[in-house]
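TrEMBL has this to say about the protein:
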type	residues	note
DOMAIN	2-74	domain 'Cadherin'
DOMAIN	75-182	domain 'Cadherin'
DOMAIN	183-287	domain 'Cadherin'
DOMAIN	288-392	domain 'Cadherin'
DOMAIN	427-521	domain 'Cadherin'
TRANSMEM	546-568	transmembrane segment
REGION	620-645	region 'Disordered'
């Protein structure tokens, strides 16, 4: 008999043909699985029928041969992988590991991408068919594709081959590789300089392709003024006016809108916006000075330029185009559109008198709407030129400096320039004989006069005060000086070139008594002429008239007294005593004859106030006192001398 050790896969089947021939069969009762038990060890025992029974054994070693009955298997059906988008090409980011329980070629596995994957993705990744390594073959971009689903197939080399599948889900991680983008979607320029605060200048769109903190953007404007940003909704901003504009200060702004994301490190972007400012007429023309002082020489030609004024208007175009005019009366005309105003003199007999040019106002008006204006005051000072020669004046009556001198007047009518004066013999040095009067219509140095004695030259008996014009004795007068002295006096001003006038003064040398009578007679004649001038003028004040009446009465009284004395000396041949201030003087009419006096009329002098006045020149007698014990007759001058003069 035969027995087999216990086995679930095998059993014995004994077949007897005859008693001498028995067949023992090993029968497979259950399918084998090499991967579970590759070798089966069985013991076959044969026993005889004796007593005791004898046995024989045999070990059966059964090796199970492999069959390709196991497909490759992955430990997971889905694998999840995260990969930054900036991963360099060629980077291995995953390794596949599939198992196959078969052996030999039945367990040899090859990895491939499933046919369901697009060629673009297969170009982006590479899989090693033997090792199962998956690496990048290009650059990933989170902004394009955020994830990839890679279907993998593992296939063995059995016959027929078996395969297993898995899925690798690749998530691309965002990195801050995109800077913000700023776009101007609307721009309203130019901006008027009087635009109100809050005016929208531009609309902007800001975006960042990154995600999360990398895509969060903050924006601002540089410079911070006068513009600012206001967020309208997500990713949109308005560029608005925050402060008042002034085109004259800044005519154009280069505004930079800056954006920065929240990545690490942050990325920045900017967009420049050019904002020109349009002009409004908000500036009036302004002169550099409120008051201009202009110096102009007299005698300039009509239309000659006196000064050039310029008003600045910082506005542009018509708002800054300035025209000029003289504000009061329109003298001088305008200079529309010019950069400066030229002031020129008007022609003779123009629109207004010359006195009104001393101070006037110049107006500058721009061409804006509404027009604005500015004013400046021009003060005109006329500079004198030496265009007037000195003019001689007849002596004025009553001057203290001329006491004792004869009335000087023209000898042969107006314009002759010859003046007469009397002096007494024996007059001491320094006694004023006459005074040359002259005026110059100019001013300053041009009107400063000096008097020079032109003839006679040398050491004559007379001299002239350099600036006073007083003709006085240079030494005591003597009979040797002759009965008459002719003096040529030149009056010059201090202008460049100097102008001059010439006066001829004829000085008669008389005895003291005759000189006194001549002075009195000349004074009376001068006073009568003065009365006529005063009555004709009619412009003198009441106070002046009163004093003139008093003076006329006094002079008339002296004249009447002289006539009485003259008649007494003529018809009464006896000594007469002339009483007056000082020592008593005896005058003998029979020897002296009569007092001579000037029959020439004094001329009126027109002074600054317009009233007619006369010079009254009185020369008092200056007889020397008689020596003690001498007769009165001996003290009188010789008749012949008086008659000769």
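Cβ atoms are placed via backbone N, Cα and C, with glycine included.
In TrEMBL, annotation is done automatically, which means it is predicted and not curated.
In this model, the domain 'Cadherin' (75-182) carries an average pLDDT of 94. Residues in the domain 'Cadherin' (427-521) partition by DSSP class (helix H, G, I; strand E, B; coil) as 17 helix, 40 strand, 38 coil. Across the domain 'Cadherin' (2-74), the DSSP tally of helix, strand and coil residues reads 0 helix, 40 strand, 33 coil.
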